[in-house]
Amino acid sequence: TEVKSFSKFNIYTICKDNCVTSFSRNVLRRIELIQDFEMPTAATTIRVSRDGQYILAAGTYKPRIRCYDTYQLSLKFERCMDSDVVTFEILSDDYSKLVFLHVDRYVEFHSQHGHYYKTRIPKFGRDFSYHYPSCDLYFVGASSEVYRLNLEQGRFLNSLQTDAAVKLSCTVFCNVCMVMCGGKVECWDPRVRSRVAVLDCALSSVTEGTEVEGLPSVSALKFNSSLGMAVGTTTGQVLLFDLRSSHPLLVKDHYYGMPIHSINFHEQLDLVLSADSKIIKMWNKDTGKMFSSIEPSSSITDVCVYPGSGMLFTANEDPKMNTFYIPALGPAPRWCSFLDNLTEELEENPESTVYDDYKFVTRKDLENLGLTHLIGSPLLRAYMHGFFMDIRLYHKVKTMSNPFAYEEYRKDKIRQKIEESRVQRVQLKKLPKVNKELAIKLMEEGDNEDALSAAKKKKGATSILRDDRFKMMFENPDYQVDERSEEFRLLNPIVSKVGQQRRKKLQQLVEKEAHQQEDEELEGRASSEEEESSDDDKSWVEEVREQRRLIRAEERQRRFNERKKQDRNTNLQPRFYQIKTGEEFRSFGDVARKQKVTSLEERLRQEESSGMLNLTDTAVGSKQITFTLKKSEKQLKQQQAERDHHDERRKIRRSAGHLYTRGRGRGRGRGRGRGRGRF
């Protein structure tokens, strides 16, 4: 619901806006009253049934008629036509009887189920009216004749011959048929089928307060009572007549120079609602004083006022059909009575509200001010989790409770001014205590970005150094980057590559801003940027490989240093041997003496047990050795475990000799004879 204020009255636009892209205040105040209240391209005519339940609208493209049920606030049905509709009328109280005038001279009748009958008039029609007492349809258009079609007899009757060659519209009031033609209004009586009066409106529209450009002709006509009549002209004037006089009672000019195509009367407030393709004006029929006006964003093609309410509908040169609700004209219709409550909530009053002169305080604020004894008195008005108190009383108590509040406020303001002046001074860039290398790198990138234009700087993100979200990265030592770690060294080539590409891109943007070069590359030849990119990729891969080789070499050197350090720290202790009982140790020479007296067979057995079999010298100076590989300690343990396991299984093996018995048994062979078996 969009509120537009004219004078002291508010107009509420109740529609669905599909073009809104921002979440503004007006968006929050929009509702969709009737679902799908629109046309594919544009709407031409809109009507309300006499029972007030149905709203019918004709539009294009493709030509169609849509019926909306106000009780369901949605579309009831839609019917497509063969050609565009000039105008249509509702003959019944509901939608069961409809008449359509098409641009191709066809007159189409619809019943409740759909298309009923179609006929054709001799000339192109502009408008028609229905005379209920005689069941006659009067058609006017590009002819001097007024065609009559009797719906009771189902045939055309004798036409009415007028003086004008072209007629724009006609209307019927009670038993009188008023036919507008040219700059005159001709009055015809259906009972005698003759013209009874002629009213010239062309000269009457020219007054001191009107601006008439061109020859006025009648474009709209509406009756107010048995004696009142309003005439709209093609030059933008509205004339109010009394049928007893040939002079207008009032002439109202729209000052747009556009034809008046719709006139409606509001009986309760004595207002006239006149509309051209640009604006809808509401003014007093006695004095001509403006009441309000509505100026939609698109051209208006038709206006329909909902009977007995302040709501009106407009057909526009736009897919959306507008719905306006003016509470000053009357209440909302019964089927949308909730609009009254909504408009009361949305009512904009520029005067001060009740709580503008009050201060909201909580119970804690009252305790600080020492005013808890006022709870329950008229000085405090309970509201939600606190109270409203008079703003003058609040300031008075605040001054008494804290007499130095003004001095503190003054000192705070002075301090703020001093800090603002300090910010304007030239400040040196100080490096943070943590991640200094990263800060230097970010500062250098920021200096490079300063070379860009202001338009491109707006697109860039906020610097990390000035972003509070990354403040702890330069203050907390836990975020210190370890450049000697393996992860950093492996990622550093990638980060360096990205930084180089970014600096290169910034440099290219700066050069483009300065020179505006537009060199076109030769077709089929790779550009220098692509070659540089491939070279950069190769260098990046080589750098990563080099880092991996360095890391492996450092790891080997580290292990070697650790072993060397362990050997250096190892304390060599003498080994002690225990002599078996019964033997006496004299010297190590006894062992050598025993080996000399040992036989060759014993020596070979000892060498075989030690693993060495033969050592010989060749003619070229090399040596040849024959030996047997010893089994590892793990294999020996495994073999010993297997032997122990087999020995254990042998010990627990049980004999099956006691199971020997004599008996009959049947073997599994193919033989069928009986035999003895053992189990």
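Glycine is no exception: its Cβ is also placed from the backbone N, Cα and C atoms.
Predicted, not measured: the structure shown is a model, and the values here were computed from it.
Record features (TrEMBL):
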- 29-349: domain 'Nucleolar protein 10-like N-terminal' (DOMAIN)
- 354-402: domain 'Nucleolar protein 10-like second' (DOMAIN)
- 467-493: domain 'NUC153' (DOMAIN)
- 506-541: region 'Disordered' (REGION)
- 510-528: compositional bias 'Basic and acidic residues' (COMPBIAS)
- 632-650: compositional bias 'Basic and acidic residues' (COMPBIAS)
- 632-679: region 'Disordered' (REGION)
- 651-679: compositional bias 'Basic residues' (COMPBIAS)
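In terms of DSSP secondary structure, the compositional bias 'Basic and acidic residues' (632-650) contains 18 helix, 0 strand, 1 coil. Helix, strand and coil counts from DSSP across the domain 'NUC153' (467-493) read 18 helix, 0 strand, 9 coil. DSSP places the residues of the domain 'Nucleolar protein 10-like second' (354-402) in helix, strand and coil in these numbers: 21 helix, 14 strand, 14 coil. Summarising model confidence by region, the domain 'NUC153' (467-493) averages a pLDDT of 76.
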